[in-house]
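A quick write-up on the structure given underneath.
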Amino acid sequence: MVVTFQHVPVMVAEVVAALAPRPGGRYIDATVGGGGHALAVLQAARPGGRLLGIDADPAALVATADRLAEAGLREHAVLCHGSFADLAVIAGETGFINVDGILFDLGVSSYQLDTPERGFSFAADGPLDMRLDPTQGPTAADLVNTLSERELADVIFQYGEEHAARRIARAIVERRRTQPFQRTADLAAVIARVVGGRRGRIHPATRTFQALRIAVNRELDRLAAALPQAVHLLAPGGRLVVISFHSLEDRIVKQFMRAEAEGATPRLVINTKKPVAATDDEVATNPRARSAKLRVATRIV
């Protein structure tokens, strides 16, 4: 039975063009999600292509296995539960070194956002969780109910780029004195009272929820740790492809690629001087592609 893991992968054609899969090539999808990119890469790498798929969410791996099995490609993929911060260890244990391409599709899947029980969304009430890996670490409720007012304000400002961070943190602390936060709708309502109505299409809780998700999953730290490992695992000529969804991620990727392309012994050449965006047609059918930015670099030594 196929797991209900609904996720539309972004920029599939652009990813395949960037990775340029070849028959017999070996690839790593460090954020395999529902397997949409993995399927396209393996189809382009026939015959003989192999892929290592990694994801922190066990449900994503089940969905990917089902998707690849339906296409007759399951035996060409190794699927591992884990964090891409441990990329080198996972790749070493599975024999995926000197690979031809590595993909990072950052952010949260449609399934995670649209499943209230995962606690990522302010649009539907659910437990205040937000863990990409539901078996690991503190939840968003843990952070909201235990961090000091200053720590909360710092998280919301730094990771959410929310200018009302101090006022939001103050309101959270005042409210939790009498009743701890447990539900997403409860937190969203408190934020909305502080910030006010929608900012155009943006819900007033958007930036705070993003900040908490990043903090819960240590997303930026793990990305910064994973990128050097990825370069080390690439064979000369191998491609590093990264899709980011907000400025904090994109800044880390941009600065990393630039640093690796400069200096006395550069290891990368940058293929995308400016990030590639989704086409208007794709955004029309998949609005979550609107903020996607794709960057590509090639290993040269």
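Each Cβ is built from the backbone N, Cα and C atoms, and glycine gets one as well.
As annotated by Swiss-Prot, S-adenosyl-L-methionine binding site applies to Gly35, Gly36, His37, Asp55, Phe84, Asp105, Gln112, with the evidence given as sequence analysis. For Gly36 (S-adenosyl-L-methionine binding site), the Cβ neighbour count at a 10 Å cut-off comes to 21, with all displayed protein chains included.
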Maximum Cα-Cα separation (Å), residues Gly35, Gly36, His37, Asp55, Phe84, Asp105, Gln112 listed as binding S-adenosyl-L-methionine: 18
For the binding-site residues Gly35, Asp55, Phe84, Asp105, the one whose C-beta sees the most other C-beta atoms within 10 angstroms: Gly35
Residue among the binding-site residues His37, Gln112 whose Cβ has the most other Cβ atoms within 10 Å: His37
Three-state secondary structure, which DSSP defines for His37 (S-adenosyl-L-methionine binding site): helix
